[in-house]
Amino acid sequence: MAAVTDPCSLASFSKCITKHLNLRFHVDFDSHAIKGNVALTIEALEDKFSSLILDTKDLKINKVTSNGQDAKFTLGTAHSFNGSPLEITLPFELSRGQHVIIEVSYETSPQASALQWLTPEQTAGKKHPYLFSQCQATHCRTMVPCQDTPSVKHTYYAQVSVPKELVAVMSAVRDGQEADPKDSNRTIYRFRQAVPMPSYLIAIVVGALESREIGPRTRVWSEKELVDLAAYEFAETEAMLKTAEQLAGPYVWGQYDLLVLPPSFPYGGMENPCLTFVTPTLLAGDRSLSNVIAHEISHSWTGNLVTNKTWEHFWLNEGHTVYLERMIAGRMLNEQFRQFKAMGGWKELQDSINTFGAKSPLTNLVPDLSEVNTDDAFSSVPYEKGFALLYHLEELLGGPEVFMGFVKSYIQMFAYSSVTTDDWKNYLYTYFKDKVDILNKVDWNGWMHTPGMPPVKPQYDTTLAEACIALSKRWIKASEADLSSFSAADLQKLSSHQVIEFLALLLHEDPIPLSHVKRMQEVYNLNAVKNSEIRFRWLRVCARAKWEEAVPLALQMATEQGRMKFTRPLFRELYVFDKYREQTVSTFLKCRSAMHPVTAMLVAKDLKID
């Protein structure tokens with residue numbers, strides 16, 4: 001079998017692989033740095049093994065030893081986004097299968113893209129600073145020298161020293177705490193992760209955290225100002241976990257905790273093992289089944305247990321996870337709801353492809369990421385194009401129960417390993433060996449290696465969408481004289497998911513006239529809605545209609561939270577509103593330093609600043 005190469009990593013993982021990390025972190029809020037020490041247990045994959053390369057970015061390397069002896073090291077030339085290779089020469093040779101412990105003492109940079117350091121003013125409590133990490137896709141190398149590729153999985157143990165008024169949590173099982181013997185004003189927290197996982201799932205949070213138990217294996221963590229609301233909002237977590245286990249097999253990670261981050265967290269959620277990170281924008285929901293939580297739970301199997309071998313195969317993580325997430329919704333609510341969510345996903349895919357352009361190679365299901373920054377490639381394409389392919393196969397091969405049988409078997413087959421699209425496809429052909437003629441009719445090249453929308457549009461059950469479609473058509477076709485026919489009752493019959501769909505349908509048409517938007521506010525009072533998914537789409541409808549009163553509300557939403565799904569499209573909409581372009585740019589520049597580094601970089605590109 002040909003060795004897999006990863007265009008997003010500089011590490012030499014064909015020569016050796018990491019089996020275990022032992023981390024010692026000293027978190028320093030004054031210098032915005034982690035003073036770190038990592039001992040990597042490395043297994044040689046070849047004879048006469050005597051040198052290796054680790055991924056690093058913006059790290060200051062102080063010392064390297066191998067089995068306790070000093071080892072020579074050099075930092076190679078820095079690549080613009082992949083970082084600098086840390087080249088280590090051992091003072092001895094190993095044979096294939098032998099292990100060596102490489103210990104690196106180092107310090108992170110205040111600019112480390114994996115870490116966001118918040119001032120007390122940026123937290124809910126306003127008293128203490130806060131640190132959180134986000135390593136996906138290729139940011140772990142700014143926090144730990146490692147083989148920063150999803151093709152390598154390892155266990156880890158960690159000890160983290162933090163100021164004693166703060167609490168540390170990690171993507172691992174908690175393993176006790178003690179006073180720091182070197183400094184009575186600090187506490188050391190210990191963690192162990194016994195299930196092998198890729199480097200992008202290493203995660204740390206330090207802040208004034210509290211927790212509440214919400215299930216036999218689940219706690220919710222946040223600042224105390226939000227912890228009770230979070231416990232209420234996520235009360236269905238254990239039921240979702242059990243449903244996921246029925247579908248995908250046993251949950252192997254032990255604990256499943258949720259941590260609600262401060263508003264600048266750039267994603268809806270992040271599936272760090274044992275500790276899912278979630279955006280506080282979920283707390284203004286209406287507690288109907290949170291697809292974000294169902295999604296992150298599903299990653300415990302597709303992503304964390306079976307992992308894409310490189311980021312070019314990211315759809316294996318995300319397409320299967322969206323498929324599982326919607327199966328959970330179908331089981332816990334009904335099949336019509338699963339179909340309804342799938343329809344919404346098709347529109348999100350269309351939005352992403354419109355943003356990139358239908359010919360962009362980044363809209364391929366399996367893109368080529370040579371010399372591409374993974375942050376620039378991030379979109380809903382691997383999620384929704386991936387889901388659409390799996391749903392198309394479900395239709396061809398005998399329906400949801402039959403296809404879910406394959407997904408469960410695929411998870412069992414490849415558990416604890418990393419896979420490519422070819423591995424997945426070969427297993428699909430093996431599993432459905434009596435249906436090879438059907439599989440051969442699939443336009444694999446059209447799905448995998450062709451930009452733009454998929455070659456086939458699946459047929460979804462439109463029952464739950466009909467009311468949304470009818471209402472959106474009424475608004476699109478309405479003349480000025482028809483505006484009096486709308487009333488508050490129009491929305492009272494719809495669930496929050498249907499209101500989201502109604503607004504999404506308007507965003508797929510030409511902008512509706514300003515008079516219509518003003519009337520919509522008059523009868524529906526959408527400015528007062530707290531649900532962030534509804535608010536986000538409503539403010540985009542307003543910006544497109546050039547309603548000036550909505551501009552401050554849209555700028556507020558774009559800056560008071562940093563979830564890229566909301567922040568980037570809002571800034572883009574306001575940027576094309578000529579009269580407010582300057583104000584949009586100046587608002588961004590004013591808030592930029594408080595944003596997550598990845599969000600700030602991508603919004604700056606959207607606003608053509610850098």
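The backbone N, Cα and C atoms fix where each Cβ goes, and this holds for glycine too.
Sequence annotations record features per position, and here TrEMBL assigns active site, proton acceptor to Glu296. For Tyr383, the entry in TrEMBL reads active site, proton donor. Per TrEMBL, the feature peptide binding site maps to Gln134, Cys135, Gln136, Pro266, Tyr267, Gly268, Gly269, Met270, Glu271, Arg563, Met564, Lys565. For His295, His299, Glu318, the entry in TrEMBL reads Zn(2+) binding site. What TrEMBL records for 463-607 is domain 'Peptidase M1 leukotriene A4 hydrolase/aminopeptidase C-terminal'.
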Completion exercise
By the 10 Å Cβ-neighbour count, the most surrounded of the recorded positions Glu271, Glu296, Glu318 is Glu296
Problem - Neighbourhood of Gln136 (peptide binding site), C-beta criterion under 8 angstroms, separation at least six - result: Tyr200, Leu201, Met270
Fill in the blank from the handout: Taking DSSP H, G, I as helix and E, B as strand, the domain 'Peptidase M1 leukotriene A4 hydrolase/aminopeptidase C-terminal' (463-607) contains 116 helix, 0 strand, 29 coil
Completion exercise
Rounded to a whole number of Å, the separation of the Cα atoms of Gln134 (peptide binding site) and His299 (Zn(2+) binding site) comes to 16
Exercise for the section: Would you mind listing, in sequence order, the residues at least six apart from Tyr267 (peptide binding site) in the same chain with a Cβ closer than 8 Å to its Cβ? Expected result: Gln134, Phe277, Thr279, Arg563, Met564, Lys565
Fill in the blank from the handout: If you count the other CB atoms within 10 A of the CB of Gly269 (peptide binding site), including all protein chains displayed, you should get 24
Problem - Minimum Cα separation from Glu318 (Zn(2+) binding site), reported as the residue among recorded positions Gly269, Glu271, Glu296, Tyr383 that achieves it - result: Tyr383
Problem - Alpha-carbon spacing, Glu271 (peptide binding site) to His299 (Zn(2+) binding site), which is rounded to whole Å - result: 6
Exercise for the section: May I ask for the distance between Gly269 (peptide binding site) and the residue listed as 'active site, proton acceptor', taken between their Cα atoms and rounded to an integer number of Å? Expected result: 7
Completion exercise
The mean pLDDT across the domain 'Peptidase M1 leukotriene A4 hydrolase/aminopeptidase C-terminal' (463-607) is 95
Handout entry: Rounded inter-Cα distance in Å - His299 (Zn(2+) binding site), Tyr383 (active site, proton donor)
Key = 12
